Amino acid sequence: MTSQRSPLAPLLLLSLHGVAASLEVSESPGSIQVARGQPAVLPCTFTTSAALINLNVIWMVTPLSNANQPEQVILYQGGQMFDGAPRFHGRVGFTGTMPATNVSIFINNTQLSDTGTYQCLVNNLPDIGGRNIGVTGLTVLVPPSAPHCQIQGSQDIGSDVILLCSSEEGIPRPTYLWEKLDNTLKLPPTATQDQVQGTVTIRNISALSSGLYQCVASNAIGTSTCLLDLQVISPQPRNIGLIAGAIGTGAVIIIFCIALILGAFFYWRSKNKEEEEEEIPNEIREDDLPPKCSSAKAFHTEISSSDNNTLTSSNAYNSRYWSNNPKVHRNTESVSHFSDLGQSFSFHSGNANIPSIYANGTHLVPGQHKTLVVTANRGSSPQVMSRSNGSVSRKPRPPHTHSYTISHATLERIGAVPVMVPAQSRAGSLV
């Protein structure tokens, strides 16, 4: 058998060749990094089986700072180039002469805002098959700006301080390294460093902590430094005058407050005492009327004692001071007495023939030879009222007494004067 070639075979081969020769954009490197201010080349190549008469190329960018707003970078269409967004004017162009299968572009004087994702869209009619988009990422690197160094905290000896270092710009984000500019280039033993945050914490600073410190900010494309002078302050003598003044002022204030409190207390106490005194009853009781006859006088001997003596008097209406009864002269019971020392006195008539005088119920004897009987009691026993021969007396209990008599002549010689005294009620009030 002989094989026969089909007449359709060449047409099939041409058809397969056309499919294989359709437009295809080459793989991109993925990402390109460039320092700010340096030119960047974004590659994009393709293959096609058709002529480049109808070539159409569009470059688009999706900014990193605003992913929702894609922008046109450059356009080639119908044999002409057109500018894209205003910020790319004068900085963007194709690397080769157009039309060509290499549609790469360049960006001069790259800026931080140029960072983003770039897309290359290629169309060349009649080729319509295959992948016609290429994607390239652009990252504009920024070296660290000059860092700013500062000290946070008190620089007094024994305190804790924090050294801060930061750069406003830097892509990628810079790291920070602190060092002390001395022979060892090492930080103090009490220091802890955070290279990401750019801080150094030095605890319990001392004189050895003083010195010049340097912060180095660095990233992939550059470094930058700043210097910081740390001077630990030694203790200063305090102002004794200010301290003494403050203490004195505080003491005066405290004393004033204490005096104010004491004054208020004593005022309150005296006020309460006055109110209590006002509540105590002070009644004067009248036991009986005074004698109606002015000529009739009752004589009363008043003796004061310096040691807790109490004066009492006999009743002018119920007692007989003077009597012509001889028994009266021998009666030693007292007419009046003093309670504490126990001394009591009685007046008696020395002449029984002298007539007695009664005035308003009172028996008076104005004769001569009058005597005074004194009864002394050394005890402190309570006293009771007693009545004997018309005379009223208080005698102590128990009755351990010593009596003696004072003659009328002796009374006249010492200047004794008969007086009238008010009587006492049972409650002790004078009337």
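The backbone N, Cα and C atoms fix where each Cβ goes, and this holds for glycine too.
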Partner cysteine of Cys215 (disulphide bond, per Swiss-Prot) from Cys165, Cys257:
Cys165
Long-range same-chain neighbours of Cys120 (disulfide bond), Cβ under 8 Å, sequence gap at least 6?
Val25, Ser28, Leu42, Cys44, Val57, Ile58, Trp59, Val103, Ile133, Gly134, Val135, Thr136
In the three-state DSSP scheme, Cys44 (disulfide bond) belongs to coil
List of residues, in chain order, with Cβ under 8 A from that of Cys165 (disulfide bond) and at least 6 apart:
Pro147, His148, Cys149, Tyr176, Trp178, Gly198, Thr199, Cys215, Ala217, Cys226
Confidence summary (mean pLDDT) of the domain 'Ig-like V-type' (23-136)
91
Counting every protein chain present, what is the number of Cβ atoms, excluding its own, within 10 Å of the Cβ of Cys215 (disulfide bond)?
24
